[in-house]
Every structure is written in C-alpha cells, then in structure tokens.
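**Q** Sharing the features that Swiss-Prot gives for it:
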MOD_RES   A2  N-acetylalanine
REPEAT    64-105  repeat 'WD 1'
REPEAT    107-146  repeat 'WD 2'
REPEAT    149-190  repeat 'WD 3'
REPEAT    193-232  repeat 'WD 4'
MOD_RES   S257  phosphoserine
REPEAT    290-329  repeat 'WD 6'
REPEAT    332-372  repeat 'WD 7'
REPEAT    374-413  repeat 'WD 8'
CROSSLNK  K407  SUMO2 cross-link
REPEAT    419-459  repeat 'WD 9'
REPEAT    477-516  repeat 'WD 10'
REPEAT    519-560  repeat 'WD 11'
REPEAT    562-602  repeat 'WD 12'
REPEAT    604-642  repeat 'WD 13'
Amino acid sequence: MAETAAGVGRFKTNYAVERKIEPFYKGGKAQLDQTGQHLFCVCGTRVNILEVASGAVLRSLEQEDQEDITAFDLSPDNEVLVTASRALLLAQWAWQEGSVTRLWKAIHTAPVATMAFDPTSTLLATGGCDGAVRVWDIVRHYGTHHFRGSPGVVHLVAFHPDPTRLLLFSSATDAAIRVWSLQDRSCLAVLTAHYSAVTSLAFSADGHTMLSSGRDKICIIWDLQSCQATRTVPVFESVEAAVLLPEEPVSQLGVKSPGLYFLTAGDQGTLRVWEAASGQCVYTQAQPPGPGQELTHCTLAHTAGVVLTATADHNLLLYEARSLRLQKQFAGYSEEVLDVRFLGPEDSHVVVASNSPCLKVFELQTSACQILHGHTDIVLALDVFRKGWLFASCAKDQSVRIWRMNKAGQVMCVAQGSGHTHSVGTVCCSRLKESFLVTGSQDCTVKLWPLPKALLSKNTAPDNGPILLQAQTTQRCHDKDINSVAIAPNDKLLATGSQDRTAKLWALPQCQLLGVFSGHRRGLWCVQFSPMDQVLATASADGTIKLWALQDFSCLKTFEGHDASVLKVAFVSRGTQLLSSGSDGLVKLWTIKNNECVRTLDAHEDKVWGLHCSRLDDHALTGASDSRVILWKDVTEAEQAEEQARQEEQVVRQQELDNLLHEKRYLRALGLAISLDRPHTVLTVIQAIRRDPEACEKLEATMLRLRRDQKEALLRFCVTWNTNSRHCHEAQAVLGVLLRREAPEELLAYEGVRAALEALLPYTERHFQRLSRTLQAAAFLDFLWHNMKLPVPAAAPTPWETHKGALP
C-alpha cells in the first residue's frame with residue numbers, strides 16, 4: 001500500500017518537446033563558406049545553414065512562394081546567397097541576418113537547375129531547364145547576358161577563375177561543354193569529348209587548364225588556350241565530382257612530385273586521388289564502401305582546408321584536405337525511423353535505426369553525429385544493455401550485431417552473429433547483467449545468444465574484426481512473423497509477440513513454453529514486462545493495449561483510444577503508467593489504475609515506430625516515419641509548481657481585489673479585475689463607476705490608462721455583456737469610449753477585433769431598436785399627458801330646487 005501511494009504521487013501528467021532531430025538535407029547541392037564554419041544545404045523549400053562546429057541548424061531560409069528550392073549559390077566573399085525556386089523566382093539574401101534583400105523573376109521559362117558566382121561576387125550565371133543561360137549583375141540589379149544554343153537542361157555553369165578573361169562555361173544534356181565570351185556575347189567553342197553528362201568543372205591556379213568529370217567514367221584535362229583535350233583519364237566509376245588539389249606535395253595522399261593531381265568522388269563511395277600526367281590512381285580511401293554510400297557531391301574549401309562530400313543516403317561528410325581524415329559527419333535525412341534508443345550510462349547519446357543499413361549515433365548535448373557501418377541491409381530494431389555501453393542491432397541481412405561505445409563517445413562493432421533464415425525484426429538484451437540477448441525473426445524462431453567473456457572487457461578491442469556469436473538456443477515459437485521479444489527483469493522469462501495475434505511466455509534459457517496470451521483481434525507489434533508487477537503489456541494492430549497476469553494468463557485491463565495500430569508500449573512511473581505510440585502519429589500517456597488516457601502528444605506526422613524511456617524516467621524518445629526523432633521531457637513537476645505558484649498569486653491578487661472593492665476604490669479595481677480574468681467582477685466595477693454623477697469622465701480616464709491587452713480583454717467581455725439587455729448599457733459605455741478615443745488603425749490591430757465587432761453588431765442593433773421603441777412610447781405618453789382635457793363636473797341641485805321642481 002505504501003508503494004502504491006508513493007507511485008500515485010509520482011503520476012505523470014504531461015510531456016513537452018525538449019528537442020527535435022529533423023531532416024535538414026534531402027539531396028542536391030551542399031556548400032561550405034570560405035571559412036569552413038557554415039554549411040549550406042537544400043531541404044525542400046528551405047536552405048538550411050548549419051554551424052559546422054556544433055552541427056546545429058542556425059537558420060532556415062525560405063522564399064515567400066514556399067516552392068521547392070532548385071538551385072542556390074554563395075558568393076565567394078561570403079556576403080550574398082542567391083536561391084532559385086520552382087516558381088521561377090530568384091531571391092537574394094543577406095543570409096547572416098536571414099532577410100531577403102531582393103526578389104526578381106528569373107525570366108527562364110522553366111526552373112533554374114544550376115547557378116554560379118564569378119570570382120568578384122558581382123556576376124551570377126543561371127542555367128535553366130529551358131536550355132538558356134543568363135548572367136545577372138547582382139550589384140546593379142539587371143540582366144547582362146542571355147545565351148541560347150544548349151539543347152535540353154543546362155545543369156552546370158562555371159565562371160573562369162580569372163575575372164579579366166570574362167569567360168563562362170556551361171554544359172547541358174548533350175554532354176558538350178560550351179565556352180561563352182561575356183565580352184563578345186557569343187559562344188567561343190564547344191568542347192566535345194564526353195559521352196555522358198558532365199558533372200563538374202575545375203580550373204588550375206594559372207587558369208590555363210580545366211578538368212571535367214562525367215558519368216561516362218572518365219575525367220578529361222583541357223588546354224583552355226587551344227580548347228583541346230590533352231589527356232583522358234579513365235577512372236572506372238561514374239564520377240559525380242572532381243576537384244583539383246593544390247599544387248603542393250602531400251605524401252599522405254600520394255602526391256610526391258609537382259604536377260596536376262585531382263580528387264574524384266563517384267558511385268563506388270570512396271575518394272581517390274589521381275595524377276593527371278600519368279592517369280594513375282595514387283591514393284584510394286581506406287574506408288570500405290557500403291550500400292547507400294555512393295558519393296553524389298564533392299567540393300574543396302581551399303581556405304578552410306576541408307573536403308565536403310555528400311552520400312546517396314543524404315549524409316554529409318567533412319574530411320581534412322591534406323590527409324582525407326574524417327572530421328565531421330552529419331545525417332541530413334533519416335528517411336523512415338524504425339527504432340530509437342538512449343545510449344550511455346547517463347543517456348547522453350541517442351542511437352537511431354532508419355530505413356538504411358547504417359546506424360546513426362547523436363550526442364544530445366552537442367548534436368555531433370557518428371554514422372556506423374556494418375549491416376548490409378536495413379536495420380530493423382535496437383536494444384541497449386543495462387549499463388548503457390553495449391547495444392545490439394538486428395537487420396534484414398539476417399544478422400545481429402553488438403556495438404560498444406567508449407568514454408569518448410566513439411562506437412565500434414565488437415560482435416556479430418548470424419543463423420536466422422529471414423529478416424531479424426526484433427532484439428532484446430538481458431536485464432540483470434550483460435550476459436545474453438534474444439532475437440526474433442520472420443522465420444518464426446527466436447534465438448538466444450550468450451555473450452562471450454572477452455566481449456565484456458571494456459579494454460577488449462577486436463583487432464581482427466568483430467567476435468562471432470554462437471546461438472545457444474533456437475526455438476520455433478509462432479506460426480507467423482515474430483514482431484517483438486521481451487525479457488523479464490529477472491532474466492528468467494521471455495515473452496514473444498507475433499502476427500498470429502498471440503503472445504507467448506517462455507522459460508529461459510531452455511525456451512520452454514509456459515502459456516499463451518490470446519485475445520487480440522490482429523497481430524501484435526510489441527510486448528513489454530512490467531518493472532514492478534508480474535504483468536505483461538501487449539500492443540496490437542487492433543488499436544488496443546492489454547495487460548495480462550503472468551500467473552493465470554488472464555487479461556486484466558484493456559486500453560482503447562488509438563485510432564490505428566499501436567506499435568510500441570512502455571511502462572513508466574514505476575509501472576503505474578503506460579506510454580504508447582501508434583501508426584496515427586500519436587503518443588499517449590495512460591494511467592493503469594483507472595484506464596484513463598492522461599495526455600495525447602501530437603508532434604509526429606506519421607507512424608511512430610520507436611519509443612524508449614530514459615533511466616531516470618524523466619525523458620522519452622520517439623522516432624517516426626516522418627524522419628523526426630523527438631526528445632520529450634517530463635514536465636509534470638514543473639507544471640505543478642507553476643500551477644501552485646499561479647494559484648498562490650491568484651489568492652493574493654483576489655484578496656487585493658476584495659479589499660479595493662470593499663474600500664470602493666473602483667478605478668484601481670478595474671485593471672486588477674481584468675488581469676484576473678473576472679468578467680463578472682469587471683461588470684460590477686463598471687456598474688459602480690456609472691452610478692457616480694461624473695461616471696463618464698471617470699470611466700474614460702480609467703480605460704485610457706489600461707494596457708492594450710487589458711483593452712482587448714475588456715472588448716471580449718463586452719461581447720458577452722452585450723447579449724443581455726440588463727448589462728448592455730455597460731457594454732455600450734465601454735464600446736463608446738473605445739470608439740471615441742482609439743484611432744481606427746489601433747482598434748483594427750486589436751487581437752480578435754473583427755470577430756468581436758461581428759458579434760457586437762446584431763445585438764447592438766437589437767438594443768437600439770428596443771430603446772427606440774421605448775423612447776417612442778415614452779414620447780407618446782408625454783404627448784397624451786399634455787393634450788388630455790378632463791370635463792368640468794356639473795353642480796349638484798339644492799334641496800329647495802329639488803322640492804320646487806316637484807310642485808305642479
């Protein structure tokens with residue numbers, strides 16, 4: 001009973017979003033500024049500006065038309081950013097302030113596909129999908145040149161690095177490179193040697209040599225004085241970008257003699273250095289490529305000495321230029337987040353499994369990202385061991401892997417196991433100590449994997465690769481896919497949930513069947529043991545959550561509230577409450593004792609596949625198909641403290657208001673009553689003020705001293721008062737003061753003024769008509785009073801006259 005009472009006192013009532021990990025790069029161009037401190041990348045309708053040091057998005061720039069950004073470029077002086085949208089508008093930004101300094105039509109008849117600044121940051125060239133190339137003077141704000149002749153989409157433009165030569169290069173879908181003279185306004189030459197799309201152009205320091213790369217798996221060296229190809233270098237991969245390296249020896253990259261060397265990035269996913277004179281590859285990046293690691297973009301920031309690459313998985317990688325040593329990793333887009341877990345003994349990191357073979361580890365404090373390679377197919381599930389240093393992952397490649405994070409936050413794969421014949425969809429780690437893990441697969445079996453003793457040593461570093469795991473127990477558990485497995489807090493029981501609509505309880509380590517939980521109408525997505533009681537929670541595609549007794553396998557409670565499948569469930573508040581997530585994008589907080597849904601959290605836009613709670617039970621983590629990972633903070637205590645402070649303040653102010661009313665200090669009481677949001681008290685105060693002979697002047701003087709928000713509140717009160725004929729006079733008095741003393745522009749700026757006026761008009765007309773009829777009736781009565789003449793009464797006859805009239 002004492003434990004129950006303590007648990008009730010710790011009931012949670014609300015969570016608030018503390019942080020979001022959202023997409024910031026969805027492919028296309030990415031660019032560093034000259035200092036290497038800021039990274040610019042496209043994400044739909046926005047250009048995001050990242051701080052390289054922290055990985056945080058400093059600012060998002062979005063054009064007024066809210067159309068997708070098709071191209072952008074940053075000037076060499078780092079001052080001006082120009083963006084182009086599908087609405088055929090160009091926007092010039094002062095990006096450091098986040099403001100648009102100029103907006104103009106691109107004049108292209110189709111969206112702008114590429115753009116580039118000249119070395120002086122004065123001219124901007126744009127290439128469109130209409131085959132046209134235009135040149136703009138950014139300083140004087142006019143178009144200078146319009147070049148036609150390119151068939152199809154112009155996807156590449158570049159100025160010659162020598163501004164005195166006034167040359168512009170472009171390439172379209174015909175794989176030719178056109179050289180345009182800005183001085184003669186003509187095409188000087190057409191360079192034809194590529195057989196597929198040209199992807200990049202680079203120029204030597206003296207400006208006499210140009211390097212071009214293409215998807216035809218060759219790079220070509222051009223002599224710009226003769227406009228002839230001097231050498232063709234086969235690189236044996238589709239090249240997306242080629243960069244000329246500085247002409248200085250770099251032994252780490254195989255650059256030992258003077259000459260022209262260039263760096264290529266392509267579909268093999270590795271950076272390679274080539275000697276132009278011999279056509280030989282002198283350096284190949286040691287990092288082995290993996291699925292989705294094809295390089296789609298590469299640039300060199302000479303001043304910062306950094307190479308930036310982008311992968312097909314929308315990851316941005318920064319390398320030190322002289323050694324190609326990896327410096328930074330940024331996960332631009334996680335696609336569909338399938339599972340999330342806190343990582344580290346203090347939950348300092350987050351590991352995310354998305355629709356990719358790679359895992360992403362984020363440090364919550366600094367936003368630093370680490371991308372983990374190892375699986376060869378999509379990772380489906382994660383789980384963390386008790387101490388937080390080790391975690392497990394399973395994937396569609398039919399394998400399970402164990403990863404270790406060191407104290408520096410670096411993660412490496414230390415063990416792997418295989419044996420399932422289909423995708424491994426769920427994994428659970430032992431709870432008491434780091435001794436084993438259990439996996440469930442689409443082959444309808446579960447496997448128990450004991451951890452080797454060598455794996456438990458923190459100093460163990462597998463020099464020869466990950467340790468191989470051997471399954472100790474394999475058991476066929478269900479007739480359909482196993483979606484979830486859970487290990488009891490004492491490591492002696494195993495629960496499995498399947499698409500066959502049942503959950504089963506097994507004894508570990510032999511996997512002996514103890515009982516079956518039946519009652520759901522559709523397949524089960526999640527099973528979870530209570531940390532305090534002998535209870536199992538199951539979440540199903542039928543939209544319900546059920547609690548089951550482990551002793552007799554009976555259903556104790558059913559929670560209904562989700563409109564779609566319930567994908568995850570977790571116990572919080574020492575087993576007295578539940579957190580659940582569903583395919584409707586909602587996260588719900590339930591109190592078990594009364595089956596009540598305490599709070600519904602709506603921050604995701606799609607299926608919430610991942611749900612995990614922190615060790616201290618003060619944070620929750622969710623991941624969804626909308627590519628968002630959200631960190632939730634328990635704000636129950638903060639809200640309760642805030643509510644208590646607010647109530648105490650209300651009591652003090654209410655007492656002050658009562659004192660003012662008792663002392664008949666109505667003018668001060670009016671503002672206080674408005675602040676307390678007491679319409680009836682405000683009405684009483686105004687009625688008291690209007691009983692004074694000088695009511696109009698006092699009411700007007702008091703209202704003029706009110707703040708704008710108080711006047712807005714008073715106007716809202718008037719709407720309610722005006723609906724009652726007994727209080728309409730006070731409402732009209734207040735409205736009259738506002739209309740007489742406030743300028744129309746100020747009144748229209750009030751919050752909700754239009755709705756208030758619409759509500760006031762019909763009742764005001766009705767009151768006016770009623771008062772007009774009353775006034776007419778009063779005038780008619782006054783008229784009758786003044787014009788009414790009463791007849792003079794006749795005098796009564798005397799007794800003698802009466803007697804005389806009776807004689808004959």
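Glycine is no exception: its Cβ is also placed from the backbone N, Cα and C atoms.
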**Q** May I ask you to check whether the repeat 'WD 10' (477-516) and the repeat 'WD 9' (419-459) make contact, with contact taken as at least three Cβ pairs under 8 Å and only pairs 6 or more apart in sequence counted?
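**A** These two segments touch.
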**Q** Give me the CA-CA distance between the residue listed as 'SUMO2 cross-link' and S257 (phosphoserine), in Å, as a whole number.
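**A** Rounded to a whole number, the Cα-Cα distance is 42 Å.
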**Q** I'm a bit unsure how to read this: which one of 193-232, 419-459, 519-560 has the highest number of Cβ pairs shorter than 8 Å with the repeat 'WD 8' (374-413)?
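**A** Between the stretches 193-232, 419-459, 519-560, 419-459 has the largest tally.
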**Q** Could you tell me what the rest of the chain brings near the repeat 'WD 13' (604-642), counting residues at least six beyond its ends with Cβ under 8 Å?
**A** 11-23, 333-342, 346-347, 350, 352-354, 362, 364, 388, 567-570, 572-574, 579-583, 585-587
**Q** Near the residue listed as 'phosphoserine', which residues of its chain come within a Cβ-Cβ distance under 8 Å, counting only those 6 or more away in sequence?
**A** P249
**Q** Mind giving me a neighbour count for the residue listed as 'SUMO2 cross-link'? Other Cβ atoms within 10 Å of its Cβ, every protein chain shown.
**A** 9
**Q** Reduce the DSSP letter at K407 (SUMO2 cross-link) to three states and note it down.
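**A** SS state of K407 (SUMO2 cross-link) = coil.
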**Q** Averaged over the repeat 'WD 8' (374-413), what pLDDT does the prediction give?
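**A** Average per-residue pLDDT within the repeat 'WD 8' (374-413): 94.
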**Q** Residue counts in helix (H, G, I), strand (E, B) and coil for the repeat 'WD 12' (562-602), per DSSP?
**A** 0 helix, 26 strand, 15 coil
